[in-house]
Amino acid sequence: MNPNQKIIAIGSASLGILILNVILHVVSIIVTVLVLNNNGTGLNCNGTIIREYNETVRVERITQWYNTNTIEYIERPSNEYYMNNTEPLCEAQGFAPFSKDNGIRIGSRGHVFVIREPFVSCSPLECRTFFLTQGSLLNDKHSNGTVKDRSPYRTLMSVKVGQSPNVYQARFESVAWSATACHDGKKWMTVGVTGPDNQAVAVVNYGGVPVDIINSWGRDILRTQESSCTCIKGDCYWVMTDGPANRQAKYRIFKAKDGRIIGQTDISFNGGHIEECSCYPNEGKVECVCRDNWTGTNRPILVISPDLSYTVGYLCAGIPTDTPRGEDSQFTGSCTSPLGNKGYGVKGFGFRQGNDVWAGRTISRTSRSGFEIIKIRNGWTQNSKDQIRKQVIIDNLNWSGYSGSFTLPVELTKKGCLVPCFWVEMIRGKPEDTTIWTSSSSIVMCGVDHKIASWSWHDGAILPFDIDKI
């Protein structure tokens, strides 16, 4: 075959292949169109992407096709049932770590809020950490002076438990410098207190919407729990204080359904002082362990029934659990009266276990450092000093702070009882550290069927930050 014949043969073969490719492409297009028409899907080739936004109560559904987006808004599915929460507390042999946010360590280089008063509360689907921000970030000039408790910049926000209080994952809840929050099985309810000291207002939000308010009745810093409120069969309960921190004040129990207040009652407690109660459900009632900021180094106990009747007194145990406090050996205990005459105090908690009690306290008797939880035999009902178990959570070389209680609902655990849990705040910055700010992180522990070794899950941030050196 001469060269010209070779060229003609190669050209003919190439032309044949080209024609075959064109035919195959045409057939492919025809088949694709026929299949799409038969399936009735039109030209929506891609799958559906669903995004949920924190600030809305709807779901955004985006259907993508080539360069065209079809956006459809649908109602967010809501839970159908209220949580029962009438189960007893589970017996705890020890407390295992549940989460630790390390917010201050992360905040040295991350966008983390300056906060105080963190607490945890759970829905049937998740637990969230709530906290009161100062409207500023760590390592920023606006963090200066955030040792102040009440300001117009403070807001209640939340993240999933274990996350740092960062700007990217936090959800706004309420304008507040004092707060509580809980889930009834259907929606979150928050109570946020804000405004001037002599005319503060508490706004009750339900499902993110303002539903009711409580005006200050004592005109002296209306305030609430700084920990989870308690919902039983759709009714939610919390405790508020209005009046002096260092003498007799006024105390009330509130009851709400779907965020609307349906009942309230004054607590008669002459000679006693109640603040910052840590409450939990137990056998159909609400049990609270509170703070006496007036005289007692023993903690007030409040038990609330669904009809808003109540019993009030003090933790009977012969071991004091407030700070500051005297020596254990010098304390006798009382079920009815404040003892110790130390004044001031710190938010704390306890759990009833039959007649026994698990009670948390700082290790230091005079400052908010270290933290331990102790089990006192018959300590709920008698002046017992029989300490049968102790677990250290933070050693006495490191700062602690507030602490409070919550429970894991049976919807989360699939148990027949409510798991007792607690959190411990670890305050850093002013007045103990050389900084311009005050903030905190937290460790969260939950009750288990086994003994857990003591350790120190302290904050661990290295201070001062760059902003403190300017």
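Quick reminder: no glycine exception, Cβ is built from N, Cα and C everywhere.
On a predicted model such as this, the values are computed, not experimentally measured, just so you know.
Annotation comment: Swiss-Prot describes Asn39, Asn46, Asn54, Asn84, Asn144, Asn293, Asn398 as N-linked glycosylation site. What Swiss-Prot lists as region 'Head of neuraminidase' is 89-470. Residues or ranges marked as disulfide bond by Swiss-Prot: Cys90-Cys417, Cys122-Cys127, Cys182-Cys229, Cys231-Cys236, Cys277-Cys290, Cys279-Cys288, Cys316-Cys335, Cys421-Cys446. The active site, nucleophile annotation in Swiss-Prot covers Tyr402.
Mapped onto this structure are the features recorded in Swiss-Prot.
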residue: Cys127; record: disulfide bond; Cβ neighbours (10 Å): 22
residue: Cys182; record: disulfide bond; Cβ neighbours (10 Å): 27
residue: Cys229; record: disulfide bond; Cβ neighbours (10 Å): 26
residue: Cys277; record: disulfide bond; Cβ neighbours (10 Å): 33
residue: Cys279; record: disulfide bond; Cβ neighbours (10 Å): 28
residue: Cys290; record: disulfide bond; Cβ neighbours (10 Å): 32
residue: Asn293; record: N-linked glycosylation site; Cβ neighbours (10 Å): 22
residue: Asn398; record: N-linked glycosylation site; Cβ neighbours (10 Å): 17
residue: Tyr402; record: active site, nucleophile; Cβ neighbours (10 Å): 25
residue: Cys421; record: disulfide bond; Cβ neighbours (10 Å): 27
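Distance between Cα atoms for Cys279 (disulfide bond) and Asn398 (N-linked glycosylation site): 26 Å, as a whole number. Considering only the disulfide-bonded residues Cys122, Cys229, Cys335, Cys90 (disulfide bond) has Cys122 as its nearest partner by CA-CA distance. Local packing around the disulfide-bonded residues Cys90, Cys122, Cys231, Cys335 was summarised as the count of other Cβ atoms within 10 Å of each Cβ; on this measure the leading residue is Cys231. Among the recorded positions Asn293, Cys335, Asn398, Tyr402, Cys421, not one has a Cα within 10 Å of the Cα of Cys229 (disulfide bond).
When secondary structure is read from DSSP and collapsed to three states, Cys288 (disulfide bond) falls in the strand class.
In terms of C-alpha distance, the listed recorded positions Asn84, Asn144, Cys277, Asn398, Cys417 place Cys277 closest to Cys316 (disulfide bond). Closest to Cys122 (disulfide bond) by Cα-Cα distance, out of the disulfide-bonded residues Cys277, Cys417, Cys446, is Cys446. Recorded residues Cys417 (disulfide bond) and the residue listed as 'active site, nucleophile' have their alpha carbons 26 Å apart, per Cα-Cα distance.
The shortest Cα-Cα distance from Cys277 (disulfide bond) to any of the recorded positions (Asn144, Cys182, Cys288, Asn293, Cys421) is found for Cys288. Put plainly, the disulfide-bonded residues Cys288, Cys316, Cys417, Cys446 were compared by Cβ crowding within 10 Å, and the winner is Cys288. Within the same chain, residues at least 6 positions away in sequence whose Cβ sits under 8 Å from that of Asn84 (N-linked glycosylation site) are Ile232, Lys233, Val410.
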